[in-house]
Amino acid sequence: MLKVAVVAGGYSDESVISLKSCELIYQNINTEKYEPIRVRILKDAWYAEIDGEKYPINKADFSFERNGKKEKFDLVYNTIHGTPGEDGYLQAYFDLIGLPYNGCDSYQSALTFNKKDCIAVLSKYGIPHAKSVYLYQGEKVEPKKIVEQLGLPCFVKPNKSGSSLGISKVHREEDIPKALELAFAEDKEVLIEAFLDGLEVSVGVLKYKGKTTVLGITEIVSDNEFFDYEAKYDGKSQEITPARISQETEESVKAIATKVYDSLNMNGFSRAEYIIVDNQPYLLEINTLPGMSPASIFPQQAAYAGISLQELVQNELDFALNRPKPWNV
């Protein structure tokens, strides 16, 4: 029986969501074929958790010792949102030690986690996006020039962060410094984007049985000003699957979502956010490790597509086991 490390936690504020995702994945692994073991990766400790006992992970080879015997994993199911699980660090580590894992590799993970760089790459493939201004911490900021370039309202967001943490919708020029302070608390880089007045949708895409598959298009109706952390996780939004859009718009969204996924040569789960303006989808961001808690959008989209959670998880494990190694280790 193959040992699967179901990895959760992380070093960011998204760790709480990661633990919920971990449980859903853990409960849907076929225990006739695999032995799933929860593994926590936290700033101050890495450990396997079995029957309430904690066993420290040896970072040299991701093994642990139990009852005087060294135990090693056969593969990893990563459920860490944010750093180090969604930004490429953990993927590079597993590549280095030769341990198979689910999802995107280190390059795609790092690229999609960096909103500015991801948009820059995808613009070469003709993917529409909002106008934006990039700032790094300590750089001189002139709110007036930002407004001249982007207009109002605008969105101020951390360049590398998830779960809509640190994002503000700004209506007045004088509120830009406060919004920047909030965003810089999450990341040393900030992206300010022009407001797109349209319908927000979330699109789940994955490589299912070897084929790029769009699961469903979910319409986001937030009770708040935008789809922030509270709206995502505290029930302050309606998530309508399928979205109430025309067939023509649906086909346009699916085509763009597929092009984004394939252009970046992605693998595993992804969920991308778009704003539809005059039937044209504009990309906001891509999540390569979308939330998998019971309240998350991606499982809802899979259910709409007729794919069970067990089938989703098995698909990821199959990919991990057949993942080509970057070099012989």
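Even glycines carry a Cβ here, placed using N, Cα and C.
Owing to the predicted nature of the structure, the values given are computational and were not obtained by experimental measurement.
Taken verbatim from TrEMBL:
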{"type": "ACT_SITE", "residues": "E14", "note": "active site"}
{"type": "ACT_SITE", "residues": "S163", "note": "active site"}
{"type": "ACT_SITE", "residues": "S296", "note": "active site"}
{"type": "BINDING", "residues": "E285", "note": "Mg(2+) 1 binding site"}
{"type": "BINDING", "residues": "E285, N287", "note": "Mg(2+) 2 binding site"}
{"type": "DOMAIN", "residues": "119-318", "note": "domain 'ATP-grasp'"}
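The structure, with features from TrEMBL marked on it.
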| residue | record | Cβ neighbours (10 Å) |
| --- | --- | --- |
| E14 | active site | 24 |
| E285 | Mg(2+) 1 binding site | 20 |
| N287 | Mg(2+) 2 binding site | 21 |
| S296 | active site | 20 |
N287 (Mg(2+) 2 binding site) and E14 (active site), distance between Cα atoms, whole Å: 13
Residue pair S296 (active site), N287 (Mg(2+) 2 binding site) - Cα distance, angstrom, rounded: 13
Mean pLDDT over the domain 'ATP-grasp' (119-318): what is the value? 92
